[in-house]
Amino acid sequence: MKRFYIHTIGCQMNVYDSSQLSAILTAMGHRSVNAPEQADLVFVNTCTIRAKAKQKATSFVGRLAAMKRARPDMIVGVGGCLAQEEGRQLLDAFPCVDIVFGTHALGRLPGHIQAVAHQGDRIVDVEMTAAIDESVHALQGPDSSGVTGFITIMRGCDNFCTYCVVPYVRGRETSRAPEHILDEIRARVAGGLREITLLGQNVNSYGQKEGLCSFADLLARVNEIDGLHRIRFTTSHPKDLSPELAAAFTSLDKLCSHVHLPAQSGSDAVLKRMNRRYTRQAYLEKLHWLREAQPGMALSTDIIVGFPGETEQDFLQTLDLIEKVRYDSIFAFMYSDRPLAPARAFDGKVDEAEKQQRIYALLELQNRITAEKNRALEGRVEQVLVEGKSKSSGRNDITADTVQWTGRTTCNRVANFTVPRELASGNAVGPGAMVRVEIMSGLAHSLSGIAVGVEKPGAGGDAHAA
């Protein structure tokens, strides 16, 4: 038995891929440890969507060189999107690396590990395959038994936004069969999962190429799984969000009242250069469908500032969009050139100082809106799915007759709350429980409250409780 450590950089898709990698290594008879210094096998699951993510990955791999010199038998593997993009260049740049494996190579990794261990090979595997390896998805690792979790329903992307490398490093869009997805969710629910997030680069186009059921139909089937309390999904491309999907928020009781719908910009001129294939007005119409189907719907988005050619007027249109929509949260990024992405060759690059000013102004606006929306919840009772003990549990102001927990509302707001001892008796409150929490304080990025009740086991549908 060997010990392994996995370091994950990037999106939820990478988190899910790392859980699959953990399951593969566990099935090989190895066990997970908490630090690379303790491990015989060290894997870095990388991201290349932005320059900063690449820097994090290469910096971590560089730190492994000294460990490898001290323990030459240690096997180092680099996987994920950066591995897919750079391939053999990573092997040449980092002599400490033994295996470079791309986004389609997880199922072949056991053979590569054996080849390194027994023959001393150095391996690059960035081959892409048309079919999804369901044998990998069927494995359940030691880290797949949490209250909340991710499941990939598709991989790849066919949209080719001009700033993005995903179609080049994840491949073309391919959907998993609904039966395989449902079986995996049922297995995870049997292990304690209560909230699932369905993952894809564009979940709205699920099944279209293969002639499978629509994404709305898939959600309806997931909604029927006993023991599952909540359903979330990400990411949605605005151009493919349908009235059928919006209507699902009215009919499906487990579907959470939150949608992440990346706008990227509020300017039609910038959206066209990005190849987003929708206009500002079309985007706003999709939001109207969602809010009409589910009043109180929480909305989050992605925004890129400083895209090549973005003028001050373009940026002001983005700020205006944020004011108009009043998002609950925003993931904002400064544009950076990426290898393979067409925008790298675009004229009109925005200088770094201007990008810094724009992202500061954007975040200042959004922080104000988020704080206002959180304060508006004070005095309301929210249903919270308990995920674990709050980091605040050790604070001096937490008294002996209370316990501090954390979880999320259906609108995806973090809620930290105290549970009076009389309510906590009998272990009714714990990870996986659904608790009614009175919000006492709306903070900048979270809510604080006190538990006032606990849902009965099996009372899962809380998607419309805000």
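Backbone N, Cα and C define each Cβ position, glycine as well.
If you draw a 10 Å sphere around the CB of Cys11 ([4Fe-4S] cluster 1 binding site), it holds 19 other CB atoms from the protein chains shown. If you look up Swiss-Prot, you'll see Cys11, Cys47, Cys81 marked as [4Fe-4S] cluster 1 binding site, on the strength of sequence analysis.
Taken from Swiss-Prot, the feature [4Fe-4S] cluster 2 binding site covers Cys157, Cys161, Cys164. Using a 10 Å Cβ-Cβ cutoff, Cys157 ([4Fe-4S] cluster 2 binding site) registers 23 neighbours.
The domain 'MTTase N-terminal' annotation in Swiss-Prot covers 2-118 and is backed by sequence analysis. Residue counts for the domain 'MTTase N-terminal' (2-118) under DSSP, helix first, then strand, then coil, are 64 helix, 23 strand, 30 coil.
The domain 'Radical SAM core' feature in Swiss-Prot is assigned to 143-372.
For 375-453, the entry in Swiss-Prot reads domain 'TRAM', with the evidence type sequence analysis. The domain 'TRAM' (375-453): residue composition by secondary structure is 12 helix, 40 strand, 27 coil, according to DSSP.
Here Cys81 ([4Fe-4S] cluster 1 binding site) is positioned 13 angstrom away from Cys157 ([4Fe-4S] cluster 2 binding site), judged by their C-alpha atoms. Listed in sequence order, the residues Asn159, Phe160, Tyr163, Val165, Val166, Pro167, Gln201 complete the 8 Å Cβ shell around the [4Fe-4S] cluster 2 site centroid, once Cys157, Cys161, Cys164 themselves are left out. In the predicted model, residues of the domain 'TRAM' (375-453) average a pLDDT of 87. Each residue contributes its Cα atom, and for Cys161 ([4Fe-4S] cluster 2 binding site) and Cys47 ([4Fe-4S] cluster 1 binding site) these two points are 17 Å apart. Around Cys164 ([4Fe-4S] cluster 2 binding site), the same-chain residues six or more apart in sequence whose CB sits under 8 Å from its CB are Ile49, Cys157, Arg338, Ala341, listed in sequence order. Under 8 Å, Cβ to Cβ, and six or more positions away along its own chain, Cys81 ([4Fe-4S] cluster 1 binding site) finds Gly10, Asn14, Thr46, Cys47, Thr48, Ile49, Thr103, Val165, Val166, Val169, Arg170.
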